[in-house]
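What follows is a single structure, written as structure tokens, with notes after it.
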Amino acid sequence: MSHNLPVSTSSHGFSGDNLSENFPSSGLLQNRYRLHKWIGQGGFGKTFLAFDQLQPAQPYCVIKQIMSPLPTCESQPRNALRQEGLRLAELGQHPQIPALLDLFEQGGQGYLVQEFIEGQTLEQELAEAGAFKAAQIRQLLTQLLPVLQFIHDRHIIHRDIKPANIIRHRQDGQLVLVDFGAAKAIAEDLPIQTGTLIGSAEYAAPEQTRGRAVFASDLYSLGVTCIHLLTQMPPFDLFDTGEDAWNWQNFLPHPIDSSLAHILNRLLQPAINRRYQFASEVLEDLTFLPQAEVNPASGASSSVSATVYEPLTRKWHHISDLREQSELVWAVAPFLRPHAIDFPFTDCKNFF
């Protein structure tokens, strides 16, 4: 669920109809957070835009209401929620990931409060400005790959990389990765759940659709994100099931250099062993792009030839009937480890 909704008091404002029966009718949580707008609902739970009334400027924040009521303190699910808070707190230390501001329980349900990111998602940019150019994709990769490496170094897989979950911050233009609702992780000694599709079907790697996501699954989704932005076509329409291959280069409205195309094609490999394994590997290959390709903003002609691939008339084998299945669900990763970090919120002691 992205955090970039424009703030207004239009007819799309807060309505109690979107609350659970345990939510206060006043729309006020902890005598602090005043609900302003319902954002949506995903695998993590319901999401709202709110004001923090205890802060002088009353800044906006994002509140996530956990889907199911919390059980007793001794139960395993409650401990898993605590671990989720610890994990989000650690991830939020990165400047391109929303910070976790608070975690609390009220009315038998858990709530997470995260930083509000003001800006547009890349999906919105695509709809407004049209297909991305090669230079924009290189910038995207350069900004997001270090974020993925940061996440993976902490034994976490995002599992839902897509344009709607990438926001360009309005203030500095930096890309921010949001919505870690699909990045469910628990301790190694808890039962393992496999065979569950997580993330969004159009962007998910083959192994992820079988419930066996690995770090390289995020890289695959990043590759699908790039070709969607380059072509402005739904990912399912770019995949030929007859050849079991992506044919995105046939639908490019702008030139793209062969070296960048090679990087994207390696990100998109169905077989894990033929794909990039780590974000750092992709970054290393990006550094070897000729300088004229890396910074084409000056308008100077590139010394590397670029090819525009015209659309071909052919019989496609679409799997577009799966589009409606692009929903978030929960899953766990068997190799994740809990992290021994101090939880930074004094207001949450009663919860733990």
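Here the Cβ of each residue, glycine as well, is placed from N, Cα and C on the backbone.
According to TrEMBL, the feature domain 'Protein kinase' maps to 33-289.
Residues or ranges marked as ATP binding site in TrEMBL: K64. Counting Cβ atoms from all protein chains shown, K64 (ATP binding site) has 25 others lying within 10 Å of its own Cβ. In the three-state DSSP scheme, K64 (ATP binding site) is classed as strand.
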